[in-house]
Structure formats: structure tokens, C-alpha cells
Amino acid sequence: MVWDFVLSLFHSLLAAFQTLTSWLTGSFLFNNKMAPAPNPAPVTFILPDLEKTFNSLPDDGLNPHHDVACAESREWFAKYNKKVLGAQMQEFFRRCKFELITSYTYPYVDKEGLRATMDWHNILWFFDEVTDTETGKDAHKSAIITIRTLREPDFDDGSSLCRMVRDFRLSHLSRAGPECTRRFLEHCDVAFHAGAVEAELREKGEVLSIEGYLKLRRETSGARTCFDMAEYLMDIDLPQDMYDDPVFQKGYIAALDLIFLANDLYSYNMEQAKGHNGANVLTVVMKETKLNLQSAADYVGVLCEKLIKQFQEAKSTLENRLAKEKNPAKAAALKDAIRSLVGYGHWVRGNVEWSFETERYFGKKNKEIKKSRVVTLTPTNSVNRALKA
């Protein structure tokens, strides 16, 4: 905590010094018509130490089936993305190691289960990149294609997205329980249409309030579907009344928020470099609270500390209820609810681990930034990742 405070104070003083220097230099040049001042120092901010915040969560390392499942999933994904993605974009996908996130977040599943999670994540990331380049109207069309493919066995519009999703449904989805399958499809419907809403907001240049953003982001993250996958792979078919239990939902929402808040912190530089930073919690916090970038990052870090406490308290409450429960059916439901929360905890921690292994957020400096937590901003609108590049 002391080191974090010292680092934060140092960067605040540095920013103030840069501002004063810029003003003094500008006044001198205006009066004396001398050579222009040198370029300003790059803007930096310090990431919250989420690894420390999440150190109470389970850490089972990397799934031992990673290499085999990854090779299979990449070969499967390549069959569909080559028609849509150019050579540079295909290489970008490879360097992002999207399959690796599932090996950190589902360390307990067998090879077939891991392969299912990898295929699903390749679909999610593919949809995310495609809709990042689309208008709100086109993004809604992509959402409809995805949902119809998941729900309608005979639907096929010939697109790569449709055929990829159809293949996933036939290969994996049929093995999940009825309650889990129903929730998965409902969550997919909401998530993909929420992604289209995000595209509409980007078109209009609209930044939501903190409350409005958190509500939308819970859906655009797609994390609900990943939680459904966790239940399915642990052979859990949670009854709806247990799923709706207020205590369980407190733990569920806390885990959900922790995943996308970490993602927003780590992806901020990449998104602002593309000009897409309107859909990021740091932008939202800065706009509503008038905080600077560093203070906004600190604000989110404190929020994560509150949420991890909420998550742990919910889990403990359910464990106490289980210890007193005499009804076998209710006890079984409570046991599955607790197991589900443990699975979500793997997701929260594994997401952070993966974020510093992939080059998606920090490029070749990922290991350096993991150690220092100092992010240097890339110039805004300097990155253009075209799908066909």
C-alpha cells in the first residue's frame, strides 16, 4: 500500500511539473519567438495491483490439456476466419492467445471440455472484433445471425460466423443440462444484442453514466455465458430458484463485475489508441466524477476491493447455510451454488493471469508492465485494425 501511494504521488507530481513546465515554456516562446518546445512527455498511469486483490481466489495454474486442445481449436477456427480476416489480423489473433485464457479460467476441466471453452472464446473474440468495425445496424444483424444459429437447427445464411456457431452448437452445446442450456441461450441473446448497442453508442460518441455503463457492461462482456460454460463443465444444472437466490446473485454479480473491470483497466490503452475508449469504465468514471486518469484507475481499484469482499461474503453465507440445511434437495442445490462460485473465482483470477500473457493489451511489453504496472498511452486514434489487413 505504501509503495502504491508513493508511485501514485510521484506520477501526480510529475504530471503537475509537466503542466507547469509546458505553461512556462509556452509563455516564454510567445514573448520571445524562439524555437518550439520539445514534445511533451508521454502520459502514463499505474494499474491497480489486482493480482494482490485477488490472491484469496483459487489458483490451480494452467490446464494440463492446453497444448492439445489449443492446436485443435486453432485449426478449427482457421477454417472459418480465413474468409473474413486478412493475414495481419490472423497473426494478431494468434499473438493474442485467446485460447490461453480458458486454460487459466477452466483449469479443472478435461480435454474435451477445454476444447469447448476454447471454441466458444474464439467465437466471442471474433464477434467482438467484427462488430468493432460495424455500425450499430450491422452489429444487430450479426447478433441476430448468431442467436438464430444457436436456437434454430436448420438456420444457415452461409456466413463464416453462422457456420462457426452452428458447428459449436452441434459439437458441444447438446451435452449441457436443460436449465444451464436455457440460461446460456438467454445470456447469448442479451450479450450479442448488447454488443450492438455498444456499437450504436460508439457511432453517436455517447458516454454512459457509471450506473448505466455497469449495467450494459455486465452484458457486453459475455462473462455470463462463460459462467454457464463453467456450470456445464462441472456437471451442474443449477435450479432457477437457487440461481435467483439473493445471496448467490451477490456473489455472481461481484464476479461478473470483477472480470470486466479488470478487462477495462488492461484494455484502456488499446481502446483509446483505436478511438474506442467511450466504452471503458475509466472514461466513464473520468467523465462523471471529473477525476484524472490515474485517480479513475485508483477508483476502479478500490471498487474491485469492495467487490472481492462481497464475493467472499456471499460464498461464506452459502457455506453456513449448507452446514445447517437438513433437506437433501436444498443441500444439493446449495452445494452446487458454492461450486459454481468457486468456478467463477477461477475466472476472476485466471482472467488477470492471462491478461499479462497475451499481447492483446500490452503488446511486447506485457511482462514489463506486469512487474511495474505502469502503462504509457499510445497516441489516440493511432491504431486501425482492419479485418482484411
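Glycine is no exception: its Cβ is also placed from the backbone N, Cα and C atoms.
Range annotated as motif 'DDXXD motif' by Swiss-Prot, chosen from 128-132, 138-142, 153-157: 128-132. Taking Cβ pairs closer than 8 Å, the motif 'DDXXD motif' (128-132) reaches residues 84, 89, 138-139, 142-143, 161, 195-196, 198-199, 274, 276, 385, 387 in its own chain, all 6 or more past its ends. Its own atom aside, the Cβ of Y361 ((2E,6E)-farnesyl diphosphate binding site) has 21 Cβ atoms within 10 angstroms in the protein chains shown. Less than 8 angstroms from the CB of R360 ((2E,6E)-farnesyl diphosphate binding site) sit R95, C96, K97, S267, M270, each of them six or more residues away in the same chain.
Computed over the motif 'DDXXD motif' (128-132), the whole-number mean pLDDT of the model equals 79.
Calculated from their C-alpha atoms, the gap between Y361 ((2E,6E)-farnesyl diphosphate binding site) and N263 (Mg(2+) 3 binding site) amounts to 9 Å. In this structure, Y361 ((2E,6E)-farnesyl diphosphate binding site) belongs to neither helix nor strand by DSSP; it is coil.
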